[in-house]
Amino acid sequence: MGSHRRYLYYSILSFLLLSCSVVLAKQDKTPFFEGTSSKNSRLTAQDKGNDTCPPCFNCMLPIFECKQFSECNSYTGRCECIEGFAGDDCSLPLCGGLSPDESGNKDRPIRAQNDTCHCDNGWGGINCDVCQEDFVCDAFMPDPSIKGTCYKNGMIVDKVFSGCNVTNEKILQILNGKIPQITFACDKPNQECNFQFWIDQLESFYCGLSDCAFEYDLEQNTSHYKCNDVQCKCVPDTVLCGAKGSIDISDFLTETIKGPGDFSCDLETRQCKFSEPSMNDLILTVFGDPYITLKCESGECVHYSEIPGYKSPSKDPTVSWQGKLVLALTAVMVLALFTFATFYISKSPLFRNGLGSSKSPIRLPDEDAVNNFLQNEDDTLATLSFENITYSVPSINSDGVEETVLNEISGIVKPGQILAIMGGSGAGKTTLLDILAMKRKTGHVSGSIKVNGISMDRKSFSKIIGFVDQDDFLLPTLTVFETVLNSALLRLPKALSFEAKKARVYKVLEELRIIDIKDRIIGNEFDRGISGGEKRRVSIACELVTSPLVLFLDEPTSGLDASNANNVIECLVRLSSDYNRTLVLSIHQPRSNIFYLFDKLVLLSKGEMVYSGNAKKVSEFLRNEGYICPDNYNIADYLIDITFEAGPQGKRRRIRNISDLEAGTDTNDIDNTIHQTTFTSSDGTTQREWAHLAAHRDEIRSLLRDEEDVEGTDGRRGATEIDLNTKLLHDKYKDSVYYAELSQEIEEVLSEGDEESNVLNGDLPTGQQSAGFLQQLSILNSRSFKNMYRNPKLLLGNYLLTILLSLFLGTLYYNVSNDISGFQNRMGLFFFILTYFGFVTFTGLSSFALERIIFIKERSNNYYSPLAYYISKIMSEVVPLRVVPPILLSLIVYPMTGLNMKDNAFFKCIGILILFNLGISLEILTIGIIFEDLNNSIILSVLVLLGSLLFSGLFINTKNITNVAFKYLKNFSVFYYAYESLLINEVKTLMLKERKYGLNIEVPGATILSTFGFVVQNLVFDIKILALFNVVFLIMGYLALKWIVVEQK
């Protein structure tokens, strides 16, 4: 064995001496990364006499092998080369760099023969696999937003590449200028390394090291890579391995080098050594050195958190003084804004001291001032005439067939007169009143409506009229005085002073005898307020306060007792007669004394005009046609009775007398009628019978509707017949002189030459300016805020719930950690917050449902523009309920949970929550505006929110959705953009650590976000999209309010 070693030593020594004799250059120390201009060529032995085509490369064949100890793929017969080499047998060095180029191409160029590598910017080494700059490592990071680090300290993290210059002086002297170098790469997870020995950048031999352990001596600042198994091979026909004029150590490398191998470095000086027992013996014998000494440079692309010795900053369990200052300033700012808003609102007319206060004296206006106000300066009056008003609607049972509701109704009413529209239930009174007031109708309207003989458009007509609905739609939290004042401030000319408007309010309240309840709230079914009759008078007061030229009232006495009904009608009569106003009202069953206060009458039955003209002449007309109202019988009741129709067949029945019904007599055997010209009984009996008839009218009608027409058995001639044929009465009126008088009166009004009609004394005041837009907005805001603080349940409940929920969440997620479980907690926290704010917005549906009918009524009566109401609702309801809660929640949750306070993350979080809360509330409000039914709007809102939640990014990774039908649905989810932006704002800059398998694994928060399908760079983009959602739904809500929420009867 000793002789064998001596032989090897002598052989190597002879080779080194021979090499020294042919070297022309002198020894020179060359840095490892310095380029060389050597043009040495590899010597290749070719058998020129062999003309046979060589077999294709197949590493499975014994004549071929994979260099660098690369693995052979048994399926393809190709070598799977280690990093830095290519070619069929992995013998060709690669250049360029480890990272892909700008186009993403990872194919590295092969080094040209007899040339050196030209490395890409940021890479170095013989094979261009040692990083030099940090930026080249960005390509190896899991997300483009994460920056990589070129770690050059030499301690392996995952896979390190090193390049070394041999520094043994005797070896350098013997090579006489040729540069010996080593490339060394280790793979820590696989516990293996590879080693290449180069002379003038031409590979001579290589080694593979396995079963490696990687140790560090932190005290000495050294690293030790120990590999138990080492195997080496020569590259044929190279220096030291059979090149011409050189010795061949192939057998020595293959048979003698077995390991263990040790690669140790001083990490401060970068001085390294490579030792292996057999190789050490050779070096010691020949050169006198115990091992190969090296000067190395290494590089490994890692994330900064993976650098050995790196310690992630510990999470401060308490809020810093800067954070406390931010929280305090934010709280002060919110309080200041609230104070300013309160002060601004208190300056509104509805909030002035003394208005409507029970302690303030009531100063009624002077009579002259009121008269001057009620009477127009130009003495403009309005005569309303209408001809052949016909209204039809599509029939439910017949396709394409229209059902006539009103048929050719005509009439006229002049200033100072009251026109009453009467008839039984279903006669068409309210329909005719709506048409005369030019309300929007769903059916087809024909005929003409003129004021002073001139046709007017709906917009101009609405400015000179007032309309009192049959039902009372009033804000329940306002007082009587505030309700009427609200109408006055919004609708009276803005040129009038506030004192003049207030004086008019007091006067109207006095006229309607509700001045004593002026400080009582309206109330509703939950909060007791004024009575139903008082509400009716308040509704009338809201219209009377504007002193319209034409006032329409639908059942003004409905719900009032006899005394109050008489007071209301007398007030209307005074308004009509004293101030020459034109009044049109529908009324069902007035008292007789009220009936005789009417100037004009339109009597309807089943949509047909039975009479139209002077109210006092209706008895004369009926008497002429054989219908005589009994003495002491209410003429209004009598008119309803005679227009009552028995049924679709026009059936009639006969009644002998009222006492028969009272006594229970079988009316099928009686022949009598209500209307008779002579009476067989005494006057007292007759009076009692008619009194009984008035009290039991509905019972008699029921009998008339259900019984068959039966002829009496006694055949007495004293009884007369109840003629219920509406068509007959209609035809009789059309043929009467009264209809002719009506037609002539209408013609006179239409005639421009009629100077005595006194109805064309001035132009109609359609251009009168009421409150401007800003005035409307101020009044509506003050009204809404007053409504809010008098009924603070919704506002305070929202705030209280938000505070309690914030405390609960702060306690549950207290001091959330910076690890994977902390990331999960953050996801759950933000998702729950968004879900809470999302479903709380449902309160907007119920609040608008209560206001919808009030808005429709006030809009149709020209209180304000839809835009003023919409902006007022946003300012007075959406802002307090959707802006303040996110701020309160953030002020509590942020310090308790210890969320990220860096880079203004706190303010960004507040902004994101506010934008989301506003956006989702506007979306829900838009749905509530579009759908009139509250149940339908709630169902659709739930579906919208659930769909938005599904695509928020928590329940499904939106990047992995391949179905085209669902792939882009996240783009319509407000939750997705809010959720993504909140997570990015919180986690992007955090380093999350986790203890797994005994290792402290650190993962950038941005990496986890990318895993969940979120795009880390989208923070600003998401915020812009949230703002866009707000703008879109804000516009959609207004357009829906303007075009959908309109009065249509």
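Using N, Cα and C of the backbone, Cβ positions are placed for all residues, glycine too.
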| task | Identify the topological domain of ASP527 and of GLN1048 in Swiss-Prot, and say whether both name the same side of the membrane. | result | no
| message | If I look at Swiss-Prot, which residue among ASN165, ASN657 would I find recorded as N-linked glycosylation site? | response | ASN165
| remark: N-linked glycosylation site per Swiss-Prot, picking from ASN580, ASN935, lands on ASN935
| Swiss-Prot annotation, N-linked glycosylation site - which of ASN50, ASN388 | ASN50
| query | Pick from 464-481, 536-553, 626-643: which range does Swiss-Prot record as transmembrane segment? | reply | 464-481
| said: Among SER446, SER558, SER702, SER821, which is the one flagged in Swiss-Prot as phosphoserine? | reply: SER702
| said: For the transmembrane segment (464-481), give me same-chain residues lying six or more residues beyond its boundaries with a C-beta closer than 8 angstroms to one of its C-beta atoms, as numbers and ranges. | reply: 355-356, 382, 430, 437, 439, 451, 505, 509, 514, 517-524, 527, 529-530, 532, 534-536, 538-544, 546, 548-556, 558, 764-766, 783, 786-787, 790-791, 853-854, 857, 860-861
| query | At the Cα level, what's the spacing in Å between ALA427 (ATP binding site) and ASN221 (N-linked glycosylation site), rounded? | reply | 106
| task | Only counting partners 6 or more residues apart, tell me which same-chain residues put their Cβ under 8 Å from the Cβ of SER425 (ATP binding site). | result | HIS588
| task | Using a 10 Å cut-off, grab the number of neighbouring Cβ atoms around the Cβ of GLY428 (ATP binding site), all chains included. | result | 26
| What's the CA to CA span in angstrom from THR430 (ATP binding site) over to ASN935 (N-linked glycosylation site)? | 28
| task | Show which residues of the chain containing LYS429 (ATP binding site), separated from it by at least 6 in sequence, have their CB under 8 Å from its CB. | result | ILE421, MET422, GLY423, SER586, ILE587, HIS588, LEU604
| message | If you count CB neighbours within 10 Å, which one among the binding-site residues GLY423, GLY424, GLY426 has the smallest count? | response | GLY426
| query | Around the ATP site recorded as GLY423, GLY424, SER425, GLY426, ALA427, GLY428, LYS429, THR430, what other same-chain residues have a C-beta within 8 angstroms of the site's C-beta center? | reply | HIS588, LEU604
| field | ASN165 (N-linked glycosylation site) and GLY426 (ATP binding site), distance between Cα atoms, whole Å | value | 110
